[in-house]
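Inspection log for the structure reproduced underneath, given as structure tokens.
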Amino acid sequence: MSVLPTVDNAWGAAFIGLLLAAVLYGITCLQTYIYFTTYPEDGWEYKTMAGTAFVLDTTSLALISSAIYGYLITDMYAPLNLLFVNRAFDIEPSIMGLLAFLTHLYLGNRVWKVCNRNLWLGILLGTLLLTTLSLAFASTVVSWKHRTWISLKTSIRPLALAGIITSVLLDTTIASVLCLFLVRHVREVEGKKTRRLVRKLLVFAINTGLASSLLSILNLAMFFAFPDTMIFLCLTLIYSKVYANALLANLNSREHLRCSLESSPSDCDAVSLNLSAFKTCTPRPQSGRSMELHTIHPWNETLQDRADRRDDMKDSGLLGGDNIEAGENVASNLS
């Protein structure tokens with residue numbers, strides 16, 4: 001038996017979605033501020049990505065706030081207008097698609113580099129990325145053509161289903177590839193703290209796409225389980241905010257992970273695990289002798305530099321021979 005539409009499960013759900021979106025937008029603002037104050041030396045591509053995410057999220061909140069205000073305030077005495085789709089909701093799928101594209105582009109590029117720029121993985125991720133973005137734009141076109149909610153929900157179902165499936169598949173692929181890489185390399189490093197750090201990276205990789213995937217699946221379930229209501233709007237309105245915060249959280253988490261590397265550099269597990277721009281630190285003096293570990297950049301380090309660094313590590317007792325090999329393998333692949 002289907003649930004009959006009421007004010008509560010229609011525009012009440014939309015209003016709750018607006019409140020949640022406003023809360024998440026506040027977190028977006030905070031994360032944007034943290035990013036630009038913590039990473040002033042980042043390249044223009046990262047700054048552009050963070051700035052674009054903030055602008056898109058701001059635009060999204062402005063549009064849905066305008067639409068909800070129109071439905072609940074302006075058209076209070078014109079209830080028939082509630083049957084028609086506000087133009088702001090027509091644009092929202094494209095904004096969600098762009099934010100999801102930016103987030104997946106950043107995460108996918110990181111995983112692709114981690115896997116030594118594997119051609120087939122790049123083709124798979126690129127195909128899923130473009131498919132997800134195309135479906136988002138197609139949803140905007142379909143929404144623009146249908147003026148009533150009844151006709152729109154009927155026509156957009158195939159696109160909504162395809163978009164959520166590709167989005168979940170993309171999130172799962174990125175998280176799975178990164179987890180497989182870390183699991184494979186955790187056996188190559190020694191030291192409890194290094195293993196603890198890799199496990200932390202594993203949890204981080206799993207959580208990267210978990211929130212957006214669960215939200216997508218729940219949104220799809222609401223859309224098909226309650227077709228005569230607007231409950232799905234409660235989750236749809238926060239969709240873009242989740243992706244914006246996921247992108248900014250990944251950008252901001254680099255400092256936390258770098259600090260984890262620098263917390264105990266004197267142990268035998270001083271390894272450069274680099275998901276984006278991690279650096280090693282200057283360790284404390286060992287046995288009356290000081291030694292400096294410079295930033296490891298496998299792409300510009302000469303063979304002589306690497307040999308000298310290996311000799312210094314062995315002499316200092318920081319790393320054993322086997323552990324040096326493991327550390328360099330991880331650093332080379334994750335940088």
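Positions of Cβ are set from backbone N, Cα and C atoms, glycine also.
Feature list (source: TrEMBL):
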type: TRANSMEM; residues: 12-36; note: transmembrane segment
type: TRANSMEM; residues: 48-71; note: transmembrane segment
type: TRANSMEM; residues: 91-107; note: transmembrane segment
type: TRANSMEM; residues: 119-139; note: transmembrane segment
type: TRANSMEM; residues: 159-183; note: transmembrane segment
type: DOMAIN; residues: 167-256; note: domain 'DUF6534'
type: TRANSMEM; residues: 204-224; note: transmembrane segment
type: TRANSMEM; residues: 230-248; note: transmembrane segment
type: COMPBIAS; residues: 304-315; note: compositional bias 'Basic and acidic residues'
type: REGION; residues: 304-335; note: region 'Disordered'
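The transmembrane segment (91-107) and the transmembrane segment (230-248) are in contact, since at least 3 Cβ pairs between them lie under 8 Å (pairs 6 or more apart in sequence). Against the transmembrane segment (12-36), stretch 230-248 has more CB pairs under 8 A than any other of 48-71, 119-139, 159-183, 204-224, 230-248. Ranked by number of Cβ pairs under 8 Å to the transmembrane segment (204-224), the listed stretches 48-71, 119-139, 159-183, 230-248 are led by 159-183. Against the transmembrane segment (159-183), the recorded stretches 48-71, 119-139, 230-248 differ in Cβ pairs under 8 Å, and the greatest number is found for 119-139.
Through the fold, the transmembrane segment (48-71) approaches residues 11, 14-15, 17-18, 21-22, 25, 28-29, 32, 35-36, 81-82, 86, 88-89, 91-92, 95-96, 98-99, 102-103, 105-106, 237, 240-241, 243-244, 247-248, 251 of its own chain, all at least 6 residues removed from its boundaries and within a Cβ separation under 8 Å. In terms of DSSP secondary structure, the domain 'DUF6534' (167-256) contains 78 helix, 0 strand, 12 coil. Per-residue pLDDT, averaged across the domain 'DUF6534' (167-256), gives 79.
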